[in-house]
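Each remark here refers to the structure printed beneath this line.
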Amino acid sequence: MWTGIDPTVLVTGAAGQIAYSLLFSIAKGDVFGKDQPVVLLLLDITPMLPVLDGVVMELQDCALPLLRDIVPTDKEDVAFRDLDAAILVGSMPRREGMERKDLLKANVAIFKSQGAALEKFAKKTVKVLVVGNPANTNCLIAAKSAPSIPKENFSCLTRLDHNRARSQVAMRCGVPATQVRNVIIWGNHSSTQYPDVHHCLVNMSGSELACFEAVKDDAWLKGDFIATVQQRGAAVIKARKLSSAMSAAKAICDHMKDIWSGTPEGEFISMGIYSSGNSYGVPEDLIYSFPVQIKDKTWKIVDGLAVNDFSRSKMEATAAELMEERDTAVSFLGV
Ligand SMILES: NC(=O)c1ccc[n+]([C@@H]2O[C@H](COP(=O)([O-])OP(=O)(O)OC[C@H]3O[C@@H](n4cnc5c(N)ncnc54)[C@H](O)[C@@H]3O)[C@@H](O)[C@H]2O)c1
Ligand SMILES: *[C@@H]1O[C@H](CO)[C@@H](O)[C@H](O)[C@H]1NC(C)=O
Ligand SMILES: *[C@@H]1O[C@H](CO)[C@@H](O)[C@H](O)[C@H]1NC(C)=O
Ligand SMILES: *[C@@H]1O[C@H](CO)[C@@H](O)[C@H](O)[C@H]1NC(C)=O
């Protein structure tokens, strides 16, 4: 896998809480390979540079064998140069009393600027993962602002939702999460997302069962299970007084590792990708979470899965939400 050049990886929001877990995992080889050296570029806003210096000191103090170089900066023309991978975690947080529209406008400004910086400075093969919320729409704005980079190279994080769904089913069945495969997260990374287990398999007592057969509680799978996954982010905030960070960092690693090395045979994962309007009736020009398989750093939507009326209505509701947000966001692009 080693190409002769160490991957150059940007993490934005690098002084924040997700990055605090994420940077360690990347630097120790969880994402790009256990023998693959990496160069880390760390971007945050100017007032956070002193904090970022502390993070850099800690990374140095980990004395990791694979970390070739660390570059902290508040400048896009430094952060986005010659990138192989960009993990865009930093975004404008919701503040007390802030209007939804103003929040979206602030994020459009950030992702327009970062998209333009990708266009100008990054490699054309760069893989961009957007985490900062609203992740789907921020990702779309970044992709639109970098027209010479293929839209397929942009994705947003719904792997945390995917892992949550997998784990809920596993706990219910009393098996490790690794024995549950092919859950699907459809749509937006929000409470309208649809965690779908109609194609999920659970390996129990030596053989693989359809999820509904393994769980034997349709009411739970169609009710509380869905609500628990949809509202898990809020539940973590309520308990921790901070949003998910350890689990978000783990999901980012899973997502980027699969882009880099591919998904296991027979398994699919969920990620927010550009919809060209050709799969599952999802409208085009949205970043929408689909089931995908990845090979040779190229994803393919898992097509042809049966969709019943229950699923269809939930998939449409989350698409409608995203269309509305896209149209507002795009109207801010010109200003
Ligand atoms: N998609 C997902 O599954 C998922 C899961 C959890 C969190 N999130 C989102 O991830 C984001 C980060 O979460 P966190 O807990 O690390 O937040 P945090 O507030 O701890 O850290 C965010 C960091 O981003 C920085 N930042 C803000 N604007 C920036 C810009 N323009 N350029 C570079 N850096 C910038 C901030 O200064 C801060 O250091 C939030 O938007 C959160 O909602 C997404
Ligand atoms: C889509 O999900 C994001 C992330 O949770 C959220 O911020 C945004 O408001 C959602 N979109 C709409 C239109 O509700
Ligand atoms: C299911 O689990 C058993 C062990 O309990 C294992 O031998 C088998 O390989 C697993 N099957 C799959 C498809 O993962
Ligand atoms: C990214 O774009 C390159 C072409 O620059 C392409 O070969 C690759 O398959 C794309 N990656 C993904 C994840 O689709």
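We count from 1, first residue shown onward.
The backbone N, Cα and C atoms fix where each Cβ goes, and this holds for glycine too.
Features reported for this protein in TrEMBL:
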type: ACT_SITE; residues: His189; note: active site, proton acceptor
type: BINDING; residues: Asp44, Asn107, Val131, Gly132, Asn133; note: NAD(+) binding site
type: BINDING; residues: Arg94, Arg100, Asn133, Arg164; note: substrate binding site
type: DOMAIN; residues: 9-154; note: domain 'Lactate/malate dehydrogenase N-terminal'
type: DOMAIN; residues: 158-332; note: domain 'Lactate/malate dehydrogenase C-terminal'
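Where TrEMBL records a feature, it is marked here on the structure.
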residue	record	Cβ contacts under 8 Å, 6 or more apart
Asp44	NAD(+) binding site	Thr12, Gly13, Ala14, Ala15, Gly16, Val51, Leu52, Pro72, Asp74, Gly90
Arg94	substrate binding site	Leu103
Arg100	substrate binding site	none
Asn107	NAD(+) binding site	Ser91, Met92, Gly132, Asn133, Pro134, Thr137, Asn138, Ile141, Ala329
Val131	NAD(+) binding site	Gly13, Ile18, Ile87, Leu88, Val89, Cys156, Leu157, Ala248, Ile252
Arg164	substrate binding site	Pro195, Thr228, Val229, Arg232, Ser247
His189	active site, proton acceptor	Asn133, Pro134, Ala135, Asn136, Cys156, Leu157, Thr158, Leu160, Asp161, Gly272, Ser289
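His189 (active site, proton acceptor) falls outside any helix or strand according to DSSP and counts as coil. For ligand 1, the neighbouring binding-site residues among Arg100, Val131, Arg164 are Val131, by Cβ distance under 6 Å. With the fewest other Cβ atoms inside 10 Å of its Cβ, the least crowded of the binding-site residues Gly132, Asn133 in this structure is Asn133. Listed recorded positions: Arg100, Gly132, Arg164, His189. Those with a CB atom under 6 Å from ligand 2: His189. Helix, strand and coil content of the domain 'Lactate/malate dehydrogenase N-terminal' (9-154), in residues and according to DSSP, is 66 helix, 26 strand, 54 coil.
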